[in-house]
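**Q** Below are the structure tokens for one structure; questions will follow.
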Amino acid sequence: AGSLSFIMGCTRNASHSPVFLLLGFSRARISPNLLFLLFLAIYLATIMGNVTLVLLISRDSRLHSPMYYLLRGLSVIDMGLSTVTLPQLLAHLVSNYPAIPAARCLAQFFFFYAFGVTDTLVISVMALDRYVAICDPLHYHSVMNRRLCARLLALSWMVSIVHTMLHVGLLLPLYWAGDAKGNVNLPHFFCDHRPLLRASCSDIHSNELAIFLEGGFLMLGPCALIVLSYVRIGATILRLPSAAGRHRAVSTCGSHLTMVGFLYGTIIWVYFQPSSQNSQEQDMVASVMYTAITPLANPFVYSLRNKDVKSALHRLLGRGKVISLPKSHFG
């Protein structure tokens with residue numbers, strides 16, 4: 001009976017490939033022009049901040065260490081994450097018809113999740129890097145060498161792409177019932193998972209199950225790695241004999257913990273609560289946090305809290321060039 005009701009609900013104006021209208025900010029109290037300027041400033045600052053961080057790490061040999069190699073990869077991912085969503089949002093804010101065809105919508109969904117999931121995995125790899133640096137400093141450069149970092153980054157991308165392809169595959173059979181013109185309203189500013197599932201007239205139990213089981217496992221695994229790493233880090237810091245040593249160890253983890261809170265907090269808020277407890281407005285706020293604010297915050301959090309990055313920026317701006325050392329610090 002349940003399957004029959006879904007079929008009956010999808011018979012009229014239903015399609016696998018409708019045109020989606022992204023109406024996330026259509027009822028915003030702020031004018032579209034002001035929103036356009038706000039998100040344009042956020043996007044430009046995100047690109048400039050992350051490009052600057054990538055250039056500093058690439059050019060300054062003092063930053064050629066595993067931690068900064070991973071941070072450079074994270075900056076590239078954050079630029080991709082913002083570029084997948086914000087330019088489309090800017091175009092829609094100045095348009096009276098914020099439409100996106102189904103093919104482009106699924107493409108945006110794919111790249112957004114590919115970048116987003118890789119972001120969470122790289123954040124967990126950075127926790128592992130901090131664990132080795134603080135708990136086993138004598139073997140740090142032999143363990144966290146360039147080859148291992150490259151393999152971990154590649155593995156993060158592979159896992160992310162397989163995960164995203166699974167969820168795209170589960171979206172493809174769904175039907176969406178639109179209006180007389182075949183348009184389907186999405187109360188969001190990009191093609192996100194929850195709004196797409198809410199708008200579908202098909203049976204989405206398999207999609208919801210995949211989110212909570214496979215998606216939950218993919219989130220819980222990195223979360224567990226981060227928690228275990230910082231439990232060991234905390235125990236090691238408490239055993240350090242000097243207050244200066246403890247302060248130095250804590251300062252190296254502060255930036256990373258800030259980004260963990262930003263990223264995982266908003267993802268868990270949006271995707272791992274029952275739908276009945278999630279309002280569309282709350283989804284929007286959390287989505288803006290991890291699509292716009294977190295990629296913007298990443299380079300500034302690391303540059304403002306990190307003496308090495310600030311020194312590299314000072315050398316770049318003060319001398320017009322960065323002094324290259326004859327040999328990289330990578331093992």
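Glycine is treated like the rest: Cβ placed from N, Cα and C.
Sharing the record's features from TrEMBL:
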type     : residues : note
TRANSMEM : 34-57    : transmembrane segment
DOMAIN   : 49-302   : domain 'G-protein coupled receptors family 1 profile'
TRANSMEM : 69-90    : transmembrane segment
TRANSMEM : 110-132  : transmembrane segment
TRANSMEM : 152-176  : transmembrane segment
TRANSMEM : 209-231  : transmembrane segment
TRANSMEM : 252-272  : transmembrane segment
TRANSMEM : 284-304  : transmembrane segment
**Q** Using a Cβ cut-off of under 8 Å, list the residues of the same chain at least 6 residues beyond the transmembrane segment (34-57) that approach it.
**A** 25, 28, 63-64, 68-69, 71-72, 75-76, 78-79, 82-83, 86-87, 89-90, 93-94, 292-293, 295-296, 298-300, 302-303, 309, 312-313, 316, 322
**Q** Quick test of the contact rule: Cβ under 8 Å, at least six residues beyond the ends. What residues does that give for the transmembrane segment (110-132)?
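**A** Answer is 66-67, 70-71, 73-74, 77-78, 80-81, 84-85, 139-140, 143-144, 149, 152-153, 155-157, 159-161, 163-165, 167-168, 190-193, 218-219, 221-223, 225-226, 229-230, 232-233, 252-253, 256, 259-260, 263-264, 267, 290-291.
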**Q** Averaged over the domain 'G-protein coupled receptors family 1 profile' (49-302), what pLDDT does the prediction give?
**A** 86
